[in-house]
Amino acid sequence: AVLVESLLVFAVVLSVHAVVWDRFSWCAVALAVQAFYAQFKWDRLLQQGGAVFQFRGAANSGLLPASMVIPLLGVVMKERCRAAGIVYFERFGVVVASTGMLLALFLSVLAVGITKPVPTNTCIVTGVAGSVIIYTMKHSLTVSEVIEVLEVLLIFVYLSMILLYLLPRCFTPGEALLVLGGVSFVLNQLIKRSLNVIEGRGDPIDFFLLVAVVGVVLLGLFFTVLFIFMDSGTWISSMFFHMMTAVLGLGVIMPWLYRLIQRNPLFWLLQFLFQTQTRLYLLVYWTFLAASACGVVFYQNAKRSSESKKHQASTITRKYFHFIVVATYVPGLIYDRQLLYVAAVLCLAVFIFLEYVRYFRIKPFGQTLRHLLSLFLDERDSGPLILTHIYLLLGMSLPVWLFPRSCAPRGTLPGAGALVPYSGVLAVGVGDTIASVFGSTMGEIKWPGTKKTFEGTMTAIFAQIIAVALILIFDSSVNLNSSYAWILASVSLVSLLEAYTTQIDNLLLPLYLQIMLMA
């Protein structure tokens, strides 16, 4: 299964390389080869219990698929912005690609360093790939860009040491690279933009995303350290939690956002949300869907209470939320993508805040949330945090957040790139959902080495093709320019990756589909 997963990732890397064909795509190929070797060292360390931290069990390290996401995103973003003639974002793509490669190299070197006896072949491959990448960076990056890449690496090292120690069994090495690497990059971008504020420069919704992500992460770190010294489950601690959240929100996050957007954040947000009648209709519709999702949670818990035996939500029951998320995102993508962007940021902040309340047992809702959400746990929630619903939101939102709006004429990319914002809907909302439902109910032929079925994968590919046809009908901004073969190949590769990967598919699949469609 690991070999097939690796072959699929190599197919994506080579596809991008064939389209881009520059020094950075060659570096991506070299990185993929060395990550393939280093992945087996991580897998052995996890099996023997020799890894530095406690990682999530029942999964391989996932180093190869995770290592290629950020570099490939940077490479395809650079190419799109170069074609559009936007030099600033072309350089930004170069920085993203270089940062991703350096973070992946760091994890590989770490695995090689703690493996005993020292793996000679892996050392040679890592050394050659590292030399190629560093040589390319030396001749491609300016001094300020090199400093920026090193800053992200430094933040990543410290953030990994803190969070992987505090949150055992929540991530595989690959998932840690993706999540903590992304947070490190966002934090560095926020610091950089805060120090170089130019009035009227930058979109307020981008600043809103940066501040929201960094704000909730800093909030979590603050309370994690605080509750080492006091019991978080008492009423006094709970009152202190709510009070300090308000202080940090109003005293730190709001002024920070005010400095970036040069206006009152609350007034700006209210004005933005209710700017048009379409936005009002969308907000009412989304409120109804949120209430429906809460209704599913309460109904399933009432069903569990009425049964004598231990009841756990089935796969099909968990996929209800995928259907609700698709119904949420599709109208937003068609009618108002900026509103969807901001609403997804707000939703992410609320989800993470509620997870803090559940994790720290904050009164009055902490224990209730623990009871309600325990019904929907699966084998991937083996650590102290419940992250699958947050990963689902991220998988749907990241293609919207990472869409290079400045490099897209008339708000959309030509050809298959027009489907980039729909990557989460196609890969997770349609593909993963249909594969799980049909595979678990009608699947009989299993893919070798996995529990996933041939029928589920084929149905998922077919469903995504139908979804693309429906998008063409209902979204007039999408014009594929006869790139149907590339779309079919992209959907098929990602659906096969869903069958073979043991990583969090809600997070990984949309990013790979976005890379393929942007290429």
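Cβ atoms here come from the backbone N, Cα and C positions, even for glycine.
All annotation found in TrEMBL is predicted automatically rather than curated by experts.
Taken from TrEMBL, the feature transmembrane segment covers 7-37 (among others).
What TrEMBL lists as transmembrane segment is 57-76 (among others).
Summarising the annotation, TrEMBL assigns transmembrane segment to 88-112 (among others).
Within the chain, the transmembrane segment (149-167) has long-range Cβ neighbours (under 8 A, six or more residues past its boundaries) at 52-55, 95, 98-99, 102-103, 106, 137, 141, 176, 180-181, 183-185, 187-188, 221, 224, 383-385. Summarising the annotation, TrEMBL assigns transmembrane segment to 149-167 (among others).
Counting residues 6+ beyond its ends, the transmembrane segment (207-228) has Cβ neighbours under 8 Å at 162, 166, 183, 186-187, 189-190, 193, 237, 241, 244-245, 248-249, 252-253, 256-257, 260-261, 265, 269, 341-342, 345-346, 348-349, 352-353, 356, 360, 401 in the same chain. The feature transmembrane segment is assigned by TrEMBL to 207-228 (among others).
Counting only same-chain residues 6+ beyond the ends of the transmembrane segment (240-258), those with a CB under 8 A from a CB of the stretch are 194, 207-208, 211, 215, 218-219, 222-223, 226, 232, 264-266, 353, 360, 362. If you look up TrEMBL, you'll see 240-258 (among others) marked as transmembrane segment.
Using a Cβ-Cβ cut-off under 8 Å and counting only residues 6 or more beyond its ends in the same chain, the transmembrane segment (278-299) has close neighbours at 317, 320-321, 324, 327-328, 331-332, 335-336, 339, 343, 372-373, 375-376. Per TrEMBL, transmembrane segment is recorded for 278-299 (among others).
What TrEMBL lists as transmembrane segment is 341-361 (among others).
Sequence annotations record features per position, and here TrEMBL assigns transmembrane segment to 382-402 (among others).
Marked as transmembrane segment by TrEMBL: 422-442 (among others).
According to TrEMBL, the feature transmembrane segment maps to 454-474 (among others).
Residues or ranges marked as transmembrane segment in TrEMBL: 486-513 (among others).
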When you scan the chain for residues with a C-beta under 8 Å from the transmembrane segment (341-361), skipping those not six or more beyond its ends, what do you find?
205, 208-209, 212-213, 215-216, 219-220, 223, 227, 232-233, 237, 241, 245, 269, 272-273, 283, 286, 332, 367, 369-370, 373, 384-387, 389-390, 393-394, 396-397, 400-401
Paired segments the transmembrane segment (57-76) and the transmembrane segment (422-442) in contact, 3+ CB pairs under 8 A:
no
Does the transmembrane segment (422-442) come near the transmembrane segment (88-112), with 3+ Cβ pairs under 8 Å (pairs 6 or more apart)?
no
With pairs 6 or more apart in sequence, are the transmembrane segment (88-112) and the transmembrane segment (7-37) linked by at least 3 Cβ pairs under 8 Å?
yes
Folded-back contacts onto the transmembrane segment (382-402), same chain, C-beta under 8 angstroms, at least six residues removed:
56-58, 73, 77, 167-171, 209, 321-322, 325, 329, 333, 337, 340-341, 344-345, 347-348, 351-352, 355, 358-359, 373, 376, 420-425, 427-429, 504, 506-507, 509-511, 513-514
